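Undergrad: Got a structure here, written out as C-alpha cells. Questions coming.
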C-alpha cells in the first residue's frame, strides 16, 4: 500500500513535469511565426527511393548549425529559416539543430555522413575552409553540394580607445620603431584572425606577436586591460565598443568599406593589397544530391536574398552582401581554399 | 539618487502583470529543465531561447532571466538530491548538500539553499545598482596575466576540498588536468590526444564527466551499499512539513554571516569574466571552511558548506551582468548565449547598451531579481514534492535516474561519445569514492586547467616571453602577493603551532 | 582492489606522459608550447600515482570491507553499457523500456504489474518531454525513430 502510494506520487510528479512543460509552450503558440513551433514534429528519416518525377520538398528539412546558439552562424541560419517559413518558401517543416564542436568539424561531419540525402542542409563560415585544412575531419568543401554564397564576413583591426595611434600608418610606424613587438589578439590559432595580422606585418615589414584567444569576450578584455596592443574583431561585435569610444578602428579587411563604419579605410585603400580574406557565409547541401534539388535550392535562396528581412540581417550584422550560386560558389570555395592553404603553409601553421 | 531611479525604472518595466507572468513561467520551465541531469543554466537558456524569440526583446529577456535562475535552482536541486551538479559552479554545493540529504535533511538543505541563493541575488542586485560603473572598471583591468593569477588562486582553493588523503586528492586533480588537455590547443591550434575523433576536437566537456563522476558514481555506490534493498524510510528520513522539514534555528544562526560573506565574495569574483561563478563558489567554500570552528564537519553535511557556495554562485551570476551590460563582454556560457540573443534582437552589446537602452538593461537586472523572488516562492512550494520523490523506493528510482542521466547527456550535444565518456566516468567515480579519491578536484581541475594553461601562454606571448609582466601590472602583482600569502601563511601557522606545542611540552 | 585502482591511474599516467612526449615542450623563442603543460602534468601524475601504488602495495594486506551487493552493482553497470550500446540500434524509446524493465526485473521481481507500467510510462514521458517539448536530440535507431 505504502509503495503504491509512493509510486503514484512519483508518477504524478513526472506527469506534472510534462503537463507544466506543455502549458508554457501552448501559451507561446499565440504569437505568429514562432520559429520553434513548427520544429516540434519528429522528422521522418526513412529514406525513400528517388522518384522519377521531381517532387520537392516532400519531407521535413534538417538544418544543421555547426556552431552553438547565439553565434554568427547560428543567427544567420535562424534568419534564413525564419524567412523560408514566413514566405512559405519551404512547404514542410524545418528542424534546426545546433551540432557544435571542433570548429564546425562535428556539425559538418554530421552533414557529410548523410551523403545523398536531399533533406540535409547547413550553413558555412570561415571555419568551413580552415577546419578541414588544419584538422583533417574527414571532409572538405568538395564533400558537399554548394547552393549559394550569401555574404562575406570581414574583420576590423582595432586598438584601445586611448591608444597613442589614430591611423593605420601611425600604428605601423610605432610597430617599426619600438622594441617590443606588437601583440595582436584574435580568436583561434589557425584562423582568419591569425592570418590577417600576419599578412599585414609581412607586407608592411614589421614584426608581431599573435595572441590566440578562445572567444570574443577574452579577446576584448585583454585589449581593454592593455594586455595586448590591438585585436582583430568582428565588426558587429565591436561596433558597440567603437561607438562608445572604448576602441578605435584602424582598418577594415573587406574589399570595400561597410556602411556601419564609413570612415574606416580598408587595408587595400592603404596600399596593403594582400590584407583581405573574406570568409564565406553560404549554404550547402549534403554531398551527392540530385541536380534538381540543387537547382531548387539555388532558386529558393535567390528568393531569400530578395526579401526585406535578409537585407536587414546583412545590415544589422555588418556583413557584405556577396551573391554566388551553384557552380560559381564552388569556384569561389576553390579559390578561397587555395589562398588559405598557401598562407597557412607560409605561416608554418600547416606543414606540407 | 542614481540607485533609486535606476531601480524604479527597472521595476516599472519588470513589474507589470504580463511580465510577472513571463518571469514566473520562465522560472518554472527553467527549474524543470534544470532538474534534468546535464541541463544547467547555459544549456537551459540555449535550449529554451527559441521559445522567447517571438516575444518583444524586453519580455523575452525577462522570461530568459526567469529561465536562467530557474535552471540554476533546478541544477542545485539535483546536486543536493542525487549528487549531480548541473554546471561547474554547483560542484562545491554537492560536497555538503548531498551528505545533508543523506542524513534526512534534504528539506532543510533545499530551503537553506533557496534562502542563500535569494540573499546572494539580493546582495548582487544592490551592488549592481550602486557600484556598477566602479566594478566595470575592475573588470576592465583584467587581462590574461590577472586571470592566470586568479586561476592559480582558485587552484590553491582546490586543495581545501581534496579530502583526507592528500596524495589521492592530488592524483584526482592531476587526472582532471590530464583529461582537460584533450582537444585542440587554443594557442598552437594543434590537436592533443584526440586520436582522430572529430567529437574530441573540442575537448572533453564538463557535463558528461560531472554526471558520470558524481551522479552515476554515486548511484553505483548506493547499489554497492545495498540501498536498493532497503525500505526508503531507512535511507532518507524525511518528515513532511514536520519539525525536520524546515531549517532549525541553529541552521540560520550558523550561516547568517556565511550568506553575506559568500554573496559579497561571489559578486566580486563574478564580475570578472571567465570562470567567475566556479572560482567564486570554490573560494567561498574554502573561506568558510577556514573560518569555521568545526572545519572537520565540512564535507560531511555542514550547512555552511552548502550555503557558502550557493550564495556565492548566485551573487556571481548577478555580478556577471556587469561586464555583459557595461562592456559587452560575456563572462560565462550562459551570458554568452544572452549576448547572442541581444544581437538577435538587434541590440548592440557594448558600453552604450545601458545608456541607449536603459529600460532594457535595468529591466533585465530587476527581472533577475524578480526571478529570485519568484523562485524562492516556487521553491518553498515545490520542495515537498522533490523531497517526496526521495521516498520512492530506491530500486524504482534507480533506473529512472540512470535513464535521465544517459538521455540528458546524449541530448546535450547529440553525442554518443559523450554518453560513453559519462559511463566510463561513472565507473571511475564509483571507485574514486570507494577508495577516498576526490571527484570534485577532478571536475574542477578539468574546468580550471585549460584556463591556467591558456592564460599563462597568452600572457607570455603578449609580453614577448618576459615574466616581468607579473610584477609590472598592479592588479597582477596584488593577486600574486595574495597567492604567496595563501601559500606561505598556512606553513608559518603550522610552524608556530608546532613550536608552541613544543614549548608547552617543554614547560610540561 | 585498491592497489589495482592505483595501478590503473599509474598506467594512465605512463600512457599520458608517453603521448605528451611527441609535442614540443618549448617554442623556438623559449615559451611554453603545446607539450609544456601535458608533460608537466604527466610527470606530476607519474610521481603521485607511483607513490600511491607504493603505499597501497605496502598496505595490500589490510583487509578491505567487501559488500554483498558488489555483484548487483556490476549488473547495473553491465545493463547500463548494453543500454547505451542499444541506443543507436533500437532507438531511445525501446532501449529505455528494455533497460528500466531489466533493472526492475532484477530488483523488484515480485511486482510485475508495477514494473511493466513504470517501464512503459517513464520512457514515453521522457520522449514526449525531450523530443516534442524541448526539441532536443534523442538517439535514433535503425528504423529511424526515437
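Backbone N, Cα and C define each Cβ position, glycine as well.
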Undergrad: Could you tell me which of the ranges B:200-220, B:221-241 is annotated in TrEMBL as transmembrane segment?
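TA: It is B:200-220 that TrEMBL annotates as transmembrane segment.
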Undergrad: If TrEMBL is the reference, give me the range from B:394-413, B:414-433 marked as transmembrane segment.
TA: B:394-413
Undergrad: Tell me which of B:110-135, B:292-317 corresponds to the transmembrane segment entry in TrEMBL.
TA: B:110-135
Undergrad: Looking at the transmembrane segment (B:394-413) and the transmembrane segment (B:20-49), are there 3+ C-beta pairs under 8 A, with each pair at least 6 apart in sequence?
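TA: The answer is yes, given that the two segments have at least 3 Cβ pairs within the 8 Å cut-off.
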Undergrad: Looking only at residues six or more beyond either end of the transmembrane segment (B:61-82), which have a C-beta under 8 A from one in the stretch?
TA: 13-14, 19, 22-37, 39-41, 43-45, 48-49, 51-52, 55, 90-91, 93-94, 97-98, 100-101, 106, 109-110, 113-114, 117, 121, 215, 218-219, 306, 310, 313-314, 317, 334, 338, 341, 360, 363-364, 367-368, 370-372, 374-375, 379, 386, 389-390, 401
Undergrad: Do the transmembrane segment (B:477-496) and the transmembrane segment (B:147-163) come close, with at least three CB pairs under 8 A (pairs 6 or more apart in sequence)?
TA: yes
Undergrad: What is the pLDDT of the domain 'DUF112' (B:20-444) when averaged and given as a whole number?
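TA: The average pLDDT of the model in the domain 'DUF112' (B:20-444) works out to 85.
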